[in-house]
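In what follows, a structure is listed as structure tokens, so that the remarks can point back to it.
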Amino acid sequence: MEEQPQSALRHQTHRPWLAMLLSILFAGLGQLYNRSYIKGIVFIVIELAFIITFADFIGLGLWGIATLGTIPKLDHSIFLLVYGILSLIILAIAALIYVINIRDAKRQAEQIRNGWKRPPLREAIKQAYMNSFPYLLSVPGFILLIFVVIFPLLFAISLAFTNYDLYHSPPRNLVDWVGFDNFVNLVTVPIWNQSFLKVLSWTLVWTIVSTTLQIGLGLFLAVLVNDKRIKFKRLIRTILILPWAIPNFVTIMIFSALFNDQFGAINRTLLGWLNIDPLPWLTDPLYTKLALISIQVWLGFPFLFALFTGVLQSISHDAYEAADVDGGTRWQKFRYITLPHVLFATAPLLIIQYTANFNNFNIIYLFNGGGPAVRGQTAGGTDILISWVYKLTFTTNNYNMAAAISLIIGVIVIVFAFFQFRRTKSFKEERDQS
Amino acid sequence: MNHRLKSKLEVAGIYGIIIVMSIIIFYPLAWALGLSFNTGTSLYSSSIIPKEPTLEHYRWLFTSPESNYVTWYKNTLIVSSVSCLLSIIFTSMTAYALSRFQFVGRKSGMYAFLLLQMFPVMMAMVALYIFLNLIGLLNTLLGLILIYVGGQIPFNAWLVKGYLDTISRELDDAAKIDGAGPIRIFVQILLPLITPILAIVALTNFMLPIFDFILPSIILHDKSKYTLAVGLYNFVTEKYSSNFTVFTAGAILIAVPIAAIYLFLQKYFISGLSAGGTKG
């Protein structure tokens, strides 16, 4: 009976700011002040273990990423950069855990001040398990993501600001930070800016022309086959979807042989019938480009055909009947009913088509290796940005330039993706909640 | 009469276009199929309708000691099935956490996913190469699998999370009242309900390693480690004119089963892609 007022007094004097301050000083101290002994000890052990295990590594990493090494042959700049990035990632995770620790200490101290009763141990453990469950679920995926996506991305971004190439390759030489020099060189130094402008403009032409053609052909055929008077719809649709069902590396390599200048069937058989001289499909950039676009349309239209067919079947007949009553022509019906409906329903997917072709490495590389080669340039006549990056990386070892161009690709892709994602449902839901 | 004639001409025109398209679609495929039955290896003397049809190229793929075809097929299937399985596990766990729990870092994690799934994996190919080299997984199938599995998490976690959001939370609450823990709720109640979307995740992740060329060509260096795409490409470019008929035989043996699966399951593929694009 006597204890009641005394403990009530103790609640009121419990200070959240002190708990917070203690937890800032050293993780877990605030929890000890809150008398959550187990939790406090766990936090202290985690922080001690962290300091003991990672202190040296992070010290080396931070020094490494700042200097990229000082003694050639002894310091390996690239490994130092890797250590540095890993250190930054580890520090970020540690900071997150620290913030959780501080918030936890403060929140619990506030609860104690407001007269909260500590649950029995079993209850507390169960609660802790429930609270940490989502983290347990996402940790495996998160760790994999860090190593496979986040770390490589940070590394690639860093490389764009170094001079890592054949002449600055460790362990023989050191790599240095060069700021925006690579980007400046890309647009000012003649050997780079000629290739860059040529490749960039072809990449854009390629993306726009091939994607638009494949969308156009897909829509055209979908509308034709959807006509009431056409029979054998299932068979026709299966045939038209066929190119999409075959792995595209197989078809691209078959086409590469079909278009071969000397023994390809296009030159020998098809043009032979038409009495046209063989055309330099693989040796003249212009013809290679024509061939690439035709092949991509062949490969790409079936998916869009299937997609549009699905959408067309979902348009209600009422709108068309109303148009018939008003005496609308077929073109008007297509222009004002079909087209808006189809485009609205598929817009994000159409944007994906453009992004996919923008980075369509397979067709460029497998058809003709980005060639024909151009004298004095690292980029071939039909290289797009992504296949040029591949060549710069694995053929000429211009890692820094490859990384800088990758970064430009990334920025362009993000702009595309932004428009695509503004329309998706879960994104909207998330925004509505907040 | 005039009206009916016009209609008939139109229908004939449509059939005409469809026939032309069919020829354009079938010609390259028929040409490859024809080549695979030709005798000899020369592209010059071979024709679309073989003079003396033979199965020698198919036999060569499976019996010749020089041929790695069976190994490549096996590697591809290993990479495909393992990365498909791991993808489902990692993705569904992450999506469950994002859809059903409120926790510190949830929102920022989701926006990070959104941002990360926009970057093509290829952008970081140098880094992946150096990283796998560092941890000794370069030139291994495991290294390739890890990259496929990790790379697909951001996109597919959104996809599955969006699907989970449409399932009423009352189900979870009812199970909770009956005393089910979070693991049981997930495995026994939610997992069966999200199988349609998981099937799509499984299908795309099974197909990706079969289709992909660039990643395996960066990571795998030994002939015995190649997947089909890299193996066949290098096989053809090694000795172009003399290997091509054998290549077509190998290509047909991949294309036929894959095409069959695709045509059979096309609805799922297309609904999966549209779900990713519009329903997310």
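Cβ coordinates are placed from backbone N, Cα and C, and glycine is handled just like the others.
Note that TrEMBL annotation is computational and uncurated.
If you look up TrEMBL, you'll see A:17-34 (among others) marked as transmembrane segment.
Tertiary proximity for the transmembrane segment (A:41-66) is limited to same-chain residues at least six positions away from its ends with a CB under 8 Å from its CB atoms, namely 23, 26-29, 31-32, 75, 79-81, 83-88, 90-91, 94, 97, 101, 158. Feature annotation from TrEMBL assigns transmembrane segment to A:41-66 (among others).
Beyond the ends of the transmembrane segment (A:78-100), by six or more residues, the same chain brings 27, 46, 50, 54, 57-58, 60-69, 146, 150-151, 154-155, 158-159, 162, 164, 170, 175 to within a C-beta distance below 8 angstroms of the stretch. For A:78-100 (among others), the entry in TrEMBL reads transmembrane segment.
As annotated by TrEMBL, transmembrane segment applies to A:135-161 (among others).
The domain 'ABC transmembrane type-1' annotation in TrEMBL covers A:200-420.
Among residues of the same chain six or more beyond the transmembrane segment (A:204-226), those with a C-beta under 8 A of the stretch's C-beta atoms are 233, 236-237, 240, 289, 292-293, 296-297, 299-305, 307-309, 312-313, 334, 338, 342, 350, 353-354, 357-358, 384. The transmembrane segment annotation in TrEMBL covers A:204-226 (among others).
What TrEMBL records for A:238-259 (among others) is transmembrane segment.
The annotation transmembrane segment is assigned in TrEMBL to A:290-315 (among others).
According to TrEMBL, the feature transmembrane segment maps to A:336-356 (among others). For the transmembrane segment (A:336-356), the list of distant contacts is 207-208, 211, 214-215, 219, 223, 300, 304, 307-308, 311-312, 314-315, 319-320, 323, 328, 413, 416-417, 419-421, 423-424: same-chain residues at least six beyond its ends, Cβ to Cβ under 8 Å.
Look at TrEMBL and you will find A:401-421 (among others) tagged as transmembrane segment.
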Distal contacts, the transmembrane segment (A:238-259) - CB-CB under 8 A, six or more residues away: 221, 225, 265-267, 281-282, 291, 295, 298-299, 301-303, 305-306, 362-363, 366-368
Cβ-Cβ under 8 Å with the transmembrane segment (A:135-161): same-chain residues at least 6 beyond its ends: 65, 81-82, 85-86, 88-89, 177-180, 182-183, 399-400, 402-404, 406-407
